[in-house]
Each structure stands twice: as C-alpha cells, then as structure tokens.
Amino acid sequence: MDNSTPPKAGLARAAALGSGAAALSRGLRALIGIGTISLLSRFLTPTEFGLFALIFFLITFTQVFADFGLRIALVQQKEVSRLEQDSVFWASLTLGTIAAGLMFALAGPIASLFDEPRLTPYVRAIAPILILVAAQGVPMSMLEREFRFQSIAKAEFVAGLAGAVVAVGLAAGGASVFALLAQQYAICLTIVIMCFRTSGWRPRLAFSLEALRPLIAYSSYITLAGVLGIISGYAERPVVGKKLPPADLGYLTLAQQIIVSPVRTVTTSIRRTIFPILSSLQAEPARIALGYLTTLHATFIIMAPVLFGIWAMAVPITDLLLGPKWAPVADVLGPVAIYTLLSTVLELNNAVLSARGVARFQFHWNMITAVTSLVCIYFAADHGLMAVVWTRFAMQFLFVPIHSHILARMIGINLLHILSAIWRPILAAALMGMAVLALDQWLTGHIPHTILRLPLSVATGVLLYAVCIWVIDRKGCTDILRRVRERI
C-alpha cells in the first residue's frame, strides 16, 4: 500500500465511513448484548456471573502476553513487509499456544489464589481460546491498516449475534458458567473466520527473528503498558473476587456490562478508526490535535446523555432488564455510569498516544495507575462493594485531568482546549439527567409498572437533551451536522 501521508479528504472520508459503519454495527451489537444480558440474568445467578468475571479478567490479562503487542505494532508502523506479517503471525500463534498451555496447567493454583476451587474447570475450559485470539491478530491488523473498518464491524456484529445465540441456548439448558465460556468461543471463532475471509491474508511458512526486532522494540512497551492498564482498569475484579462474596462481583459485573454495551458502541469503534489514521499523521501534530478535539467533542455529545440517562434511570433499568433478584445492581449502576463517561477521555487519549508511538510514557503511566488502583481498591473492599465503586469514581476524577494535561502538551494544545470540547455536552446531559430523575420519581407514584414508566422517561430525556445541547452548544452541533451532510 502507499505509505505516504494520505490526503486530508481521504482521511476524513475514511474516518467518517469507518466510524459510521463501526458505530452502526456496534449499535446493533450493543442491543444484542443488552438483550443477551437480560435473558442470561434469568437463567444465571449473581455468583455465576461473579465467577465468570474472574475468568474474563484472567483471559484479558493473559491475552496481552499471548499477543505481546505485535498486532498493535503492525498497525502503528508506517511500512510493514510481508516477512514481518508472517513472522508476527507465527510468533503470536506460538505465544498464544504457550499461554494457553500454562493457563490450563496452572488452573488449580489460579483457583487457589482466589480461594475459589470452583474456578478450576472453568479456567481449563477457557484456556485454548488464547490460540484463537492470537490467530486473528494479523488479518485484523491488515484490515485496520487498509482502513477497512466496515469489514471489521461486520465481523464483530456477526460474532456478537453468534455468541448471544450460543450463550442463551446453553444457559437455558442449565450449562451455568460454561454457557458464558461458550459465548466467548463463538465470538472469537467467528471473528477469526471472517477476518481471514475478508482480508484475503494467508500466512506463509516464513519466519525471521530479524524482521521482528523493530516491532518488538515498540511492542515490548505496549505489552507492559497493556498488562498494567488491565490491572488498573480491572483492579476491582480480582480484589472483589478475593475479599468479597462472588455475588458482589456478579452485581458489579452486570452493572459494568450494562454500561459497557453502549459505551463500547462508540469508543471502541472510534478508537479503532482513528488509531491507524492518526498513525499515518505522526509528522503532523496540528492535524492530530484537531482530529482529537473534534472526535472528543462528538463522542461526548453522544455518550454524555446516554450515561447520565443510565444514572438517572438506574432503578427502572435494573428492574426491567434483570429482574428483582438483581436489585443491588441499581445502586452500582449510577456511579459506574458517571466514571465510565470520564474513562472515555482516557480511551481517546490512549488512541492518540499509541498513534504517536509513545509507548514508554504509556508504560510508566499505567504502572502508576495500576499500583494506585490496586492499593486503594484493596483497602476500600474492607468496607464493602459500594466503597469499591466510589473509590474507582474518585480515582477517575484524579487520573483524567492529569493524563489529559500531559497529552495536551504532547500535541501542542492545553487542558482548556480539552475542557472546552467536553463541558457543554456534560452540562446539557447533567441537566437532562436531573430532570429525568425527578420525573421518574414522580411517575413511580402514579405509574407503578416499569415497562410503562421507562419509555416515558426515555422520550422525555431525548427531547430535553436535544433542547439543552442546542441551546448550550449550538455552534458545535451545527458543525457536526454540517460534516455529516458533507459525508453523505
């Protein structure tokens, strides 16, 4: 492919088409995900979800070593030879196989670490999935390098649908935690098949350690940063799993899953889209800064009302989606929604930093946040689940401004530019959220049925936010609408 810097119009079109296709696909996948959670909550207990949360943490943690950052390095590099692609594939597959073998062999000690012997068969059952994850790396990277985000979006949508069918079917048959494990296999296998098919890429029997060396120099920091990032981002899962009952971890996990579905609809698709594009602009910091601020503003216009809406309607959402046995989730849902909104800033910041190739800074930052998160959450767990949630809330308020200030200096802007991009959507969404909360409390006394009350609150929230954002941020909304019309 042509490795020169793409023209501005070409990048804008790629970003618009990529984000649009990915967001549409992930929007449908989010609806499937929320529906799946709602159905699974009828068949599985909070304890079973808590056990799966620990397993998912282990897989996510181990996956970083299985990949060793080589997939990201392929996307980040301006030029990649065919020999480098083949070498990355065989290296990743080897590392994935080794990681799977170690996880299978150490399932017993891992379960003992969490004082949870029930984990042993589940850890052994999920271990081979690391091989599938490793296999998808290179074809996925090729699709990203070519800005073929529509193909990735299609693969993820089909995979999400396949996983939902498998999980619900097995859970209804009494498969317990194995239903959730089978869901992960269905998702990974579908993505592997579709990525190979759509990319047209096939591995050759070729390998060179010399070809890997330039990539390893970058990927080693990415790996270390990834490990620490997972510890920082998921610190509550092993701590809560160790110090609190599995049911508490189940409540926390379900709350996070309800939030994750809409959030990942936007942030993951945007990050996957802008990372390869910004990687091609490493020598043009002004364009990176403009792209970052524009993307951040648009992201908050979409995400702020969604998450403040979830905060305002936590009780009816929990009641309708999960049922009465999951009532404690409502207490967790509100604060999780707000600190997740802040985390979207970190998501976009990290996409820019990865594109700039500053893996060493990311490693040091993640090391600081991982240690801080583990220590604070460990002591907070002594005071119960809500103490853990509010501790995470407080840490996001600490980390986001510092991280954003450092990024701003790197790309030639200041923190006020970032605040200017997000404060108007936040204010509009907060006003909407408070009004919807008051309305729902009033409706509770007049309309006891959640299925009737929730649509009224949602419709009111949409109208209120549309009015608030237009009054508070008319220029920003006009600019976004103009860009959308230009891309149609």
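Using N, Cα and C of the backbone, Cβ positions are placed for all residues, glycine too.
As recorded in TrEMBL:
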| type | residues | note |
| --- | --- | --- |
| TRANSMEM | 49-68 | transmembrane segment |
| TRANSMEM | 88-110 | transmembrane segment |
| TRANSMEM | 122-143 | transmembrane segment |
| TRANSMEM | 155-172 | transmembrane segment |
| TRANSMEM | 216-234 | transmembrane segment |
| TRANSMEM | 288-312 | transmembrane segment |
| TRANSMEM | 332-351 | transmembrane segment |
| TRANSMEM | 363-381 | transmembrane segment |
| TRANSMEM | 387-408 | transmembrane segment |
| TRANSMEM | 415-439 | transmembrane segment |
| TRANSMEM | 451-472 | transmembrane segment |
Within the same chain, where does the transmembrane segment (155-172) have neighbours whose Cβ lies under 8 angstroms from its own Cβ atoms, ignoring anything closer than 6 residues to its ends? I mean 6 or more beyond.
25-26, 28-29, 32-33, 35-36, 39-40, 43-44, 178-180, 182-188, 190-191, 194-195, 198
Stretch in 49-68, 88-110, 216-234, 288-312 most in contact with the transmembrane segment (122-143), if contact is a CB pair under 8 A:
88-110
Going along the chain, which residues at least six beyond the ends of the transmembrane segment (415-439) come within the CB cut-off of under 8 Å?
289, 293, 296-297, 300-301, 304-305, 307-309, 311-313, 341, 345, 401, 404-405, 408, 456-457, 460-461, 464-465, 468-469, 471-473, 476
Which residues, given as numbers and ranges, are at least 6 beyond the ends of the transmembrane segment (288-312) yet have a Cβ under 8 Å from it?
15, 258-259, 262-263, 266-267, 270, 274, 277-278, 281-282, 333-335, 337-338, 340-341, 344-345, 348, 352, 355-356, 411-413, 417-418, 421-422, 425-426, 428-430, 432-434, 436-437, 440, 457-458, 461-462, 465, 469, 473, 476-477, 480
